[in-house]
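*Asks:* Right, I'll just put the structure down here and ask away after.
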Amino acid sequence: MTRNVPQQFLQALKNQDQEAIKLTFPRGDLTNLKQPILALPSIKQNKLETIKLLMQLGCKKELNRLVDEEYFLFYCLRKGIPLKFIKVYVEEGADPKLKDPQDGSTLLHLCYEKKLGFEYIKYFKDFISISEPNDFGETILGMCLESTILDYDLLLYLVENGASLKIKNSDNQTPLHIACEQDTERDLIELMIKKGAIVNLEDGNGMLPIQYLFPKKVGMRTLKVFFEAGVDPNTLDPYRNNLLHWCCLENLGTNFDYLIEIGVSTKAINSTKETPLHLLMKNPNAEIGYLKKLIDSGCNPNAVNINGYTALHVAIDNNQKEETINYLSNYTNLTLVDNNKDTLINLMIVQTYPLKMVQEYFQRGCPIDIINESGFSSLHYACKQPELNIELIKFLIENGNKNNAKTKKGELPLLFAVTNQTVNKEICQLLLFESINLDKITNQNILNLYFQSGNNDLQVVKLLVKNGAQIDKSLENGIDTFLNVVLRTNPSKECLKYLLDIGDFDVNLISESRYSSSCPLYVAVYSENIPCIQLLLDYGADLNINLPAQETSLLHCVVDEETYETFEFLIKKGIDVQTNQKHTPLHEVCELICPSKFQLLLLKNGADINALNEDSEKPAQLMFHSCIGNNQKYLRRIYEMMKNFFDYGMEISDCSLHGESFLNLLADYQVTYLPLYHLLLEKGLDPNTKTFNGEIPLRLYSLSNDVQFLFLLYGADPNIKNNKNNSISQLGGNTKNIAKLNKKMLSYQKDFLKLFSESLFTDFEIKNFKIHKIFVETRIDQKIDQQVIKTLEKFNEIQLQTFFDWVYSGILPEKNDDLSFIQDICKKLQLFDKINEKSHRLGLQSDLQRLLKDEDSMDFTIKIDDDYIICHKFVLIARSNLFKSMFLNINEKTINQVSNYNTIAYESLELLIQFLYTDQIEFIADHDIEVTIEELTDSVDYYQLNKNNILSEILNLKKILFEEDHAQISELDEL
């Protein structure tokens, strides 16, 4: 509202500069939002002097002008302008009696709506009647009463200060109606009555105020106030309920006694022909004392409602206490039946009252053999109950209920019983009769009904068949077969065999509809009922049956974590693992990312890892598609399945999805599961392949430090540029790992750091960090006991990551923060010499030299003829890709030796092992140096070692033998 007001004038208002206000005051037409008076309430800290000045300058005449469909005082109240300024506007001529042109509200209505407080209401009360309604007939009192949070003090103020109690709102309700309906404080209601509220006025619903109040708790004092004001105690609501009806239904207590005492009729009947006694029996708090008073006061216990129910019927139907029912029964005609001719015993059976109670009422004369309007007997009701009671059924039959009685729809009690999951042979025998032919008792097949209800007791089936029940082998509604229905109940093998033997079924019969199809074997497989699957196969079921409307095979049906046993059973039975070439079982396993044992079983039985689905995706590609979608929690499974795929011949060229490398996909979705990255990198997936849009490989800048470092170890180029010519560091990536690898790190330092990153064949874990115990113990010069573990566990994961990086590599970080992590841990472990070593390489090297001599901790033996060399398995894994592959392929941590290792002489192998530990070769004088040089040179490729370092050591050996032969040295350099 202030944007059209001259800025100089607004600034003058803000500064409270009266001279500037005079100079900049806008002249001419002040309407259409340009008037400064509308800008004024938006200016904070206005002074009264400024307001008075504006009035003198010409704003006074604008105070009562309608601007933007709103008067100035309404605008001020909506803005919450302090009352002292409002008073000035009124004094200067603003009319407080004007009404809102939108809904006819007064300023009093607005004061309440905006919760401005008593002082505003008290002020405007002197100008506006507090009983003035708006266009909807609402007064401020009515609005206050209808609020969800009642302001009791304000209500009292309004009532005490003359608010009209007779004005009706659009629902024809007075404030007293509203107060009673809103369950307002009783003191206020009593005050309103004393102030003249009309107590006998009906609203638009035909209700008196007291009738709104009575379903709630009403104090006796309040009741007396209403009655003293002229309310008729026997007044009826629109449904002809009197106050005693409501009291019995909702609000027992002292009011009950009071209403009877003053003569409220106990014989009154409402529009559904219910007495107060009927309604009392619907109240869960009903007690015998209330019953007695109603009956003693003339309430008829044999009066029936529109359903023909006496109060006793209602009591039974609402599960009243047994003692309440027994008391009421002493005053009730027990032979009465309701409008449907149901007896009291029928109601007791339906409400599952105990047999003892049924027997007692039968002995007292309650009829038990009456057939109701629907043809139901008590026996029919007993057979329809959720849990069949054989003793009740016996009792009813013994006392006149016929087991051959049919309802008007032709239903025998047996028909209801067989659809009950608690039916058994004994109950069926009770309900059978001599002339019964179960094939003709209903237009529905009784065996179908029995099995459709989830039943499959062989003894019951035999009994029904013995009495004429026939097996229906036709299609039901063209959709299902009897055998399918049976199998859905998950029957026993014996039950199924009995039916197969007597039914002469086609076990390969397909039931087909427009959208689905099925057959017995499919149903059995879905139910994972292996004995029944085997039985169906024995009876000729086709394991590779093709269902026209199904897109999946039997094997697809059991691809689920909980169904492996059935999955394995089907494969052992010879099911085709390549069914449905558009989406093979292997595709299904990969899409759902099932446990890897599903995949491995398929692969062992010939599943094609190169099969393409409709989207031209191979199983492994579909698995990555699912992982990227929403199943990253299954990354461990994906890792295991990828290992299996590689073992069964998957090419590294298949490790892409629609042209995007698996590595790029994982990194793009910020997957952090290291073993999966390591597996792909180890198998040769290029870490420098760009994405389609030319993005930096693997988005290294957005990945965790561990993943970044793993890629860098496998040759990811940190300087490669994306299509915008940005490198990793330019994009905000963590360059600590890059710097770590750029520090001329020696090969053995890289190898041991890589060993830690890969977590291969570790034997100990500290706070989720998997380590090689003897190596770490050697590096920290102490055993990893409970004290050391407790010390390390006090540090967080980032601190421990930095510490273990240093332990494995011997390289101290350059950042002070990271260095302080290591210093803190070393201080706790008392490793002062370690952290102060000048040469980190020498520190790691000297520890590895000590480890080379620690034969007690060595866990692997290499035998060469009669000689052997012992060493540490983790050193071989870290330094030689040949040994790593060997251990991974064997996949057995417990292997502890390799025999007849004749690829290299014992002396040369001894030097090679020395190199693996220390990255140095110290020649032993009695060795044949020429043979050693030749064998070590040949071992470079065979053992897949780091060429540069070992060739450098071999060169040193040659210098010993051929110190003066520079030509031969140069020739070796060319290698």
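Glycine is no exception: its Cβ is also placed from the backbone N, Cα and C atoms.
Not my notes, these are from TrEMBL:
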REPEAT    171-204  repeat 'ANK'
REPEAT    272-306  repeat 'ANK'
REPEAT    374-408  repeat 'ANK'
REPEAT    516-548  repeat 'ANK'
DOMAIN    858-925  domain 'BTB'
*Asks:* Write out how many residues of the repeat 'ANK' (171-204) are helix, how many strand and how many coil, based on DSSP.
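*Replies:* With helix first, then strand, then coil, the repeat 'ANK' (171-204) has 16 helix, 0 strand, 18 coil.
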*Asks:* Quick check on the repeat 'ANK' (272-306): DSSP residue counts for helix, strand, coil, in that order please.
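*Replies:* Its residues divide into 14 helix, 0 strand, 21 coil.
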*Asks:* Would you list the DSSP helix, strand and coil counts for the residues of the repeat 'ANK' (374-408)?
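*Replies:* Split by secondary structure, the repeat 'ANK' (374-408) comes out as 15 helix, 0 strand, 20 coil.
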*Asks:* With helix taken as DSSP H, G or I, strand as E or B and everything else coil, how many residues of the repeat 'ANK' (516-548) land in each class?
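*Replies:* Its residues fall into 16 helix, 2 strand, 15 coil.
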*Asks:* Could you pull the average pLDDT for the repeat 'ANK' (171-204)?
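*Replies:* In the predicted model, the repeat 'ANK' (171-204) has a mean pLDDT of 90.
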